[in-house]
Amino acid sequence: MAERTVDARGSFCPGPLMELISNMKSMQVGDTLELLSTDAGSAKDVPEWVHKVGHEMVDTNQDSEGTFHIKVRKAK
Amino acid sequence: MAGIFIICLNGDREHLQFAAMAASVAAVTGIDVQVFLSMNAFPHFIKGHSKEAPASGVVGKKMEEHKVPEFFTIFEQAVELGDAKIWACSMAMDVMAVTEEDLEPIVAGAMGLTKFFSDAEGAQILTF
């Protein structure tokens, strides 16, 4: 399964979510994507969207520089 | 028809920005989104017209400084990623003397207010 990283640092809401969705459209089921974001709202919005549409949250954390690492697996 | 129906009237940056945000986020979450453009919001969706809406307050000016994505780009995402439908008010089109060929491709076409309200019956309507 492929892994992809999308760097959305510096992008404002809803930019990170839109970048994630745009990338996931071209991914295969089972692939994972790690979204990098400095937008605090995205740390809550992305898991909400993932749950709503039926994908899978793998992990989410914030590093020492304040960047959120949000990892999602495409489930359908 | 269930979903969210958004009416855009104000042509300033703040109103258009939030309308675009609401449309895009709702659309990519699977909600049926219909947008109706009229009054000063409408000309931004004519080919060749500026997509830079003027800020009317401090937040709008800060958005310009921080280079927040323009409302038009966010509306494009609503259509491309979430299948939102954007309609142009037929009255505004008449007043501005434009045809459907003059509209940006993200606009699905002309719409009358009566049809829009009929489609929106029972659904949420947000006005910006």
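A Cβ is built for glycine as well, from the same backbone N, Cα and C atoms used for every other residue.
Unlike curated entries, TrEMBL annotations are predicted automatically.
As given in TrEMBL:
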type: DOMAIN; residues: A:6-30; note: domain 'UPF0033'
Report, as numbers and ranges, every residue of the chain located at least six residues beyond the domain 'UPF0033' (A:6-30) whose Cβ falls under 8 Å of a Cβ in that stretch; write 'none' if there are none. 36-39, 41-42, 45-46, 49, 55, 67, 70, 72-76
Kindly report the helix/strand/coil residue split of the domain 'UPF0033' (A:6-30) according to DSSP, in that order. 11 helix, 2 strand, 12 coil
On average, residues of the domain 'UPF0033' (A:6-30) score a pLDDT of 95
